[in-house]
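Enquirer: Quick paste of what TrEMBL says about this protein:
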- B:236-332: domain 'Rieske' (DOMAIN)
- B:15-35: transmembrane segment (TRANSMEM)
- B:55-76: transmembrane segment (TRANSMEM)
- B:88-111: transmembrane segment (TRANSMEM)
- B:131-153: transmembrane segment (TRANSMEM)
- B:165-187: transmembrane segment (TRANSMEM)
- B:193-216: transmembrane segment (TRANSMEM)
Amino acid sequence: MAKKKPDPFFIGWAKKPPKSLQGFLFLISAVLVGAAAGVALGIGSSVPDPGDARFAWGAGYQTFTGYVDAKPYPLLRLPAGEDGRDKPHAMLISGVGKRGMQQLAGPLDGQPVDAGGILLKRGDLDMLQVGGKVSLRAAENPVPNFTPAPAEHLGKWRLTGEICDGKCYNGAMRPGVGLAHKACANLCIIGGIPPVFVTTTPLLGSEFFLLADENGEPLSSEVEDWVALLISLEGEVERRDDLMIFKVNLDSAKQL
Amino acid sequence: MSVKYVPVIWNRTKFVYDAVVLATVGAYLGIYIYVAPMFQTVTRPIDWDIYKAQAFGTCVFFLLTFILCIGPMARLDKRFLPLLYNRRHLGVITCVLAYFHVDNILGWYNAFSPINRYVSVFMVNTSFDRFLGFPFEILGVFALLILTILAVTSHDFWLHFLKPTLWKFLHMGIYLAYALIVAHVALGALQSAAGPFMTTAVGASVALVVTLHLLAARNEHLIDTQQNDVDDTGKWMDAGDPKDVPDKRARIISITDDERVAIFRNGKKLSAISNVCAHQNGPLGEGKIVYGCVTCPWHGYQYRLEDGKSPPPFTEKISTYRLKLENGRLWLNIEALPPGTYVEPVVSPMVAEGS
């Protein structure tokens, strides 16, 4: 008589699965746990490098004395030596969180100021998150014999790159670029953080441009539609100290 | 099977099933969060909250991929049926993990702003007319909503309340949720936050889900398109040689595109019942006669062959069909009898018991 072929049948409420299935189920369980571990290691270890942008908490609370420009977005104009640099430096500033400095900087536009807060750094780039005891105030002891140099006009250019918010790009978030970060960047820009343009290739040694409209005013909310995309933009480039400002008409934006 | 509602009817299989699921999730999250960073080549690590969001988000994606693969795998190879048994727990765990993903995102990307973090999801990106740049977060919100509805209604209370057909239709929403999550990932993380391994893994996952479903669909199509002769009255369909029906198992006959009958053989006795389980529309014809009752391969619901009723105290019942034997061939009456109708089994002296 021929031996009857096994016909295993799994019933969930039975005490145990059929013996002939137990090995298979053990194998599947092991494969699942192993695959989960392997995929997690593969994905987690191959994340793109977000760069070295960071809050410089280690440097502690910093204070600077210089001038403030309120337009297009608030920035400090610092004399040589004030920031450890040998040339005058234009430094972006922001409030705490996703808040700009327009309210405090507006009345002080063009005046000597003291600014205190925590630095954000990305390579040579930096930004001051203003807050704490000094915050932003009229300078108690203005730097003698220092007046910020007028802007230098560098002509009309079409540049390719990505619009980011200046704070996350400078280290408030890592990564602070890309489409996954777009909502965060838009929230920052809505809150008054300066939008910046990070180009794919440098222009006159710079890949970092503060954005403004054609008249040097803050950009309209239309900019939010173009954030985090690879685009080209056309406009006038000017330089204030070491900071490039790209005065653009958003109608010139082209998605690439 | 149960005759009363209890939160979860635990048994040994469910404990083991959930233990394997938790071990899998634990291995994924533990290695992603604590081990993988040691192998990264980054100047500085990704923000902790964002990294955790990535861990939970990718875990949800792969769990959903696995959930969707179980069905077709079980159709193609019955050894995978045990994976289907407690799939609802897997779905609920997936939904809970999705909330962890959202919590990390909202607590970081959407935080630190004067705008409410929940409101901000819907208002900070309104580029609905773009492909790249589309507010992919909204797709994730809709997927989360579906996952939540499915998790909440996963209990048998809702199955009985909504009835299997509507419940099943509702829970097919898992495919919409998966499509939304694929788009959410493709338009978000894959555009900037993912390395090549993740892009490959996501692509392979989607390809696996599609391929398995196509293969299973081809098998189902072959059953649905089988040609069976119908007699002159148009009421009796040739169901083949009774010897072709394996003992304790069934042969599935397709009457129409959406109606199948399972002809079971118990020794020399043959009976025909609906192929559709009253619990979750499981394929009874792929089940087996255990303790004298047809047992559904999905969750073990049982029915008596002669009247399609679950043995007391259970109350489920399904349609039965008449069979007759003529000239050594089995004929099936294609008119379904009301669920629970007694039909005398056909006795075929030509088949040997246990063959």
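Don't overthink the numbers, they just go from 1 along the chain as shown.
Every residue, even glycine, has its Cβ placed from backbone N, Cα and C.
Source: prediction; values computed, not measured.
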Enquirer: Under an 8 Å Cβ to Cβ limit, what residues of the same chain, 6 or more beyond the ends of the transmembrane segment (B:15-35), are close to it?
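Expert: Residues 51-52, 54-56, 58-59, 62-63, 82, 85-86, 89-90, 93, 97.
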Enquirer: Between B:55-76, B:131-153, B:165-187, who has the most Cβ pairs under 8 Å to the transmembrane segment (B:193-216)?
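Expert: By Cβ pairs under 8 Å, B:55-76 leads among B:55-76, B:131-153, B:165-187.
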Enquirer: Under 8 Å between C-beta atoms and at least six residues away from its ends: which parts of the chain pack against the transmembrane segment (B:165-187)?
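Expert: Hits for the transmembrane segment (B:165-187): 57, 60-61, 64-65, 67-68, 91, 131-132, 134, 136-137, 139-140, 142-143, 146-147, 149-150, 153-154, 158-159, 202, 206, 209, 280-281.
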Enquirer: For a three-state summary based on DSSP, what are the helix, strand and coil counts in the domain 'Rieske' (B:236-332)?
Expert: 6 helix, 48 strand, 43 coil
